[in-house]
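Asks: Below is the structure I would like to discuss, written out as structure tokens.
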């Protein structure tokens, strides 16, 4: 019957030439068209051309067309359909403001399009009435017309018997009702479906906009004028909530059986704020849980009225706003830019604290954000949206859903054609759209078997810290679960009760006689006065404490390095007579390591002070510690002892040398391994002072330059040495170009404290005028006391010495301990240190500090009792004054500090300076990985990334199918030392560095997990805990000392070998022993002098590098010859070469050795080739003389072994008066040589020498079968 009526309608409409419907996208055809070809498929988009009061979701053609355009382009680009297969026609569904006329207009237009074969699918509809009518009509056309709508959410459209081809891209209000039910609904044993709600509200009232049922509705005299009064979307949404609640809960069904608490109104009429106040007074007598549904402007007026009545600030009322159209992007809905009264915005903000909003969940994918930008650009460029409407384009979920609708239709159409079925049959298309999931612009889109999308809803709440509405929970339509992702903030600190104690009308509270009220009033007045007195007294005391600034430390009170240097000089004078002390003025001390082992072996006497120091460092815990240490150290006494004299000769330890450290700050083991000046905690490599300065860029402190120590040299055993830097630094270890500097220390009131310099520019802040907030921050820091955080001693704000003073922990930081490969940490020690860290972090999170913000392994320090403490926390307002100089710090060090920072804080340009507790949990996970694997911070398996590259990759957001960059974890779960990691600890680490901060555990959960692992190792008895830690520490003592001793011996041997090359071995050994070298006279020695003839001319014709190369090659060759004879090379000066025989080892054949050496040198010169002048013969001139000399060491810096006497001068004259490539011999040397057979000498004759007169000299021609080489006739 319906088909016959449709055919009749087609005939009538054709006769009328189709002039009823206005076609926005294409011209109307005047004649009836022929049957359609297979392609294209005609899709009609039916939406209002302009906004209307009936359109609550902002759905217009101007907004939808750019979205549909992009969707069609993406379908063609993805090859789901070829170009030209879809023909879009846009209709204005609102030619008439009257909704009933608009409904008829749309229905007639659809029938006409069908009759003209221009209808294959329908997309759109902003009102439910027109949608319902058209859906019913098109169900009977041919095989049905598929309709896809982004609205149509009322439960009345759920019936697929009446609406068999309707697909709803936003689902139905039933999912909204389910989310409300799980959030607030009261549930008891009679409930059909249990709710997980913690609010458990039963007394609800609906306060919403609806023209048809409004209490302020204007009754028209003519009933025909009321046809436009239709039900609003608020009514449909609240109707769905009522229906769902009564289905799921028998209690609600019983309570709402007769009447549903509601208060509808017409917001299109002018409503004064006083009217809203009157309505809210009436509502407050019925319920304190008010469910709102109206436009954003109306909701703001209602909340302002509630604020004026005190309902929004009392904490007794809660407002739940249903706003599905605005979306979850409305972060500050209380602000109105056109509101000239700024106080109204502030008042509205305060009122919105009592408001919770439920809206469709907004996608936060990057693809969706890019899609929004593309749509806005298309709307302005192609459709001139901004100029036509006068406002910026704004996207919402109902508009963006058109993209998913086009994509879904294209997928179903493609599959229908591929299956060989009729693509114009509505059943074939609809059956392929329902019950499927596909990837849309908002992510995964799921359509149920009823044609409704599984929509997600967000619960938004005003975050007082971020000053905006944020998502605290969301409802997943696919899983029908409400998931919490944040914390609700309630006025008054807790949610209001469902029913006030006295009832809404105060009828449940009985009255009392007048005298009772007087007594109660008097009592309350006294309490108020007492309270005011206490308040003002405490405030007065607080102000006094703030003004006193007990934390303030004057720079003069810090006994720093200058004072320590003066004391050091005084103490050095007293120690000069000790045999075991090497004065710093001794040049040999500067040429060797500044940190050296004092003896090769240890004797019983040297261990007495060590035991004493170890006992005294335990603060007198019990005799058990001393006994245990004695057992561990007694192994050294079983070794062969060195006699005291030998020990002193080698710079060994004595009780006196150990006793001098009793007043210092170094640990006892420091005295076993290293000789350090008192109060100096610096550590250097075993290289010479000059080499150390060159390699580490360190300069003399007297010159005011900075110092740095290499990372390699910094690594020492756990608890072995205390450290100190002359250039300051921070409490944490500061990395600068592969160097490490520990914190500066000072003496404050007799106690060693750590100094952290604040990088505050003195020029910018010549005076620190602290605000009240900063003073409060410093006071809170001063009041903090806990076993596992460093004690805040105070701060210095004297210009320009801005610094923070804290407790000094001499064992170094956790980072240094982990980086030192020599330190073996067993599982119990790791758990113990980890437990200390968690306890310190737990205290901070529950204190007024709230969070650390800069947690890293270098901010975890270990004190002398092996207790780990958290440091460098708090004082965030003071740190805000600091400036970061990237050039001074270095890029590597700057980004390395960020490796512990949580990804959400890296992405947030306005991250809170104090950090977050969830950020601290992430930092804890990175530290935990460092401790378990000991591969360094953020160790990766097969990637060699710089800290900058790691930070950038961690900062970059990741999608759900991507794995975020995290430190490498072995698949077998093996940690450092091939120990299998505890599964609980591994799971805890992975959970703590989760990408989503909401998925990270609280610190209380972390503490509980770590405490369960360390239960056997940690007791409540401090002494027992200390005993265990001391025993663990002492277990490695023997191996560490032995290993360091061997390292020392190897370094000592290298230094001695180098020194023996600079000085005669006997002289060097005398200086090493600390004894002065006495000058010694020698009756007869032979001295050799030589130089290069024409060297000055040769140098002027050569480059400096060529000259250096020449001399180096020549002297290396000479040194090889000299080593074959019993001679001593004295020195080389330029081209001059001086050798002596007969000293320091006395021998009679000194002239013989020098003569043979001279002949060998001439033979070496014969074959010597000058690199840059290979064809030129090097001309060596040699002179030698015998006589008496005096030899001794001259100078304290760069000591030289020098010869003195007339013999030296005569030898030099013999050389200068000789000839090239000949050996000039004096009369004295001639007399000695002639006593031995074999030497061939030729008389030269008398030669006049400066200062000597005429001297008879000789030429040495050969020795036995060795002759002078033949250099040619020129040199014969």
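Backbone N, Cα and C atoms are what each Cβ position is placed from, and that goes for glycine too.
Sequence annotations record features per position, and here Swiss-Prot assigns N-linked glycosylation site to 87, 196, 338, 384, 387, 414, 428, 444. Under the heading transmembrane segment, Swiss-Prot lists 516-536, citing sequence analysis as support. Per Swiss-Prot, region 'Disordered' is recorded for 562-601, 635-709. Per Swiss-Prot, compositional bias 'Basic residues' is recorded for 567-577. Taken from Swiss-Prot, the feature coiled coil applies to 1017-1063. Marked as Mg(2+) 1 binding site by Swiss-Prot: 1091, 1135.
Structural setting of the listed features?
Replies: Long-range C-beta contacts of residue 87 (N-linked glycosylation site), restricted to its own chain and to partners at least six residues apart, with a cutoff below 8 Å, comprise 40, 41, 42, 43.
Applying an 8 A CB threshold to same-chain residues 6 or more apart, the list for residue 338 (N-linked glycosylation site) is empty.
Under the three-state DSSP scheme, residue 384 (N-linked glycosylation site) falls in the coil class.
For residue 387 (N-linked glycosylation site), no same-chain residue 6+ apart in sequence has a C-beta under 8 angstroms from its C-beta.
Spatially close to residue 414 (N-linked glycosylation site) yet at least six residues away along the chain are 80, 81, judged by Cβ distances under 8 angstroms.
Residue 428 (N-linked glycosylation site) carries a helical DSSP state (H, G or I). Neighbour list (residue 428 (N-linked glycosylation site), Cβ cut-off 8 Å, at least 6 residues apart, same chain): 143, 416, 419, 421, 422.
Packing around residue 444 (N-linked glycosylation site) is summarised by its Cβ count: 11 other Cβ atoms lie within 10 angstroms of its Cβ, all protein chains included.
Annotation for residue 1091 (Mg(2+) 1 binding site): same-chain Cβ neighbours under 8 Å, separated by at least 6 residues, are 1134, 1135, 1136, 1137, 1180, 1181, 1215.
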Asks: Check each residue in the chain of residue 384 (N-linked glycosylation site) that is at least six apart in sequence and keep those whose C-beta is under 8 Å from its C-beta; list them in sequence order.
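Replies: Listed in sequence order, there are none.
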Asks: For residue 1135 (Mg(2+) 1 binding site), what is the tally of other C-beta atoms lying within 10 angstroms of its C-beta?
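Replies: Summing over all protein chains shown, residue 1135 (Mg(2+) 1 binding site) has 21 other Cβ atoms within 10 Å.
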Asks: Tell me the coarse DSSP state (helix, strand, coil) of residue 1135 (Mg(2+) 1 binding site).
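Replies: It is coil.
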Asks: Specify the secondary structure state of residue 414 (N-linked glycosylation site) as given by DSSP, simplified to three classes.
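Replies: Reduced to three states, the DSSP call for residue 414 (N-linked glycosylation site) is helix.
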Asks: When DSSP is mapped onto helix/strand/coil, what comes out for residue 1091 (Mg(2+) 1 binding site)?
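Replies: In three-state terms, residue 1091 (Mg(2+) 1 binding site) counts as strand.
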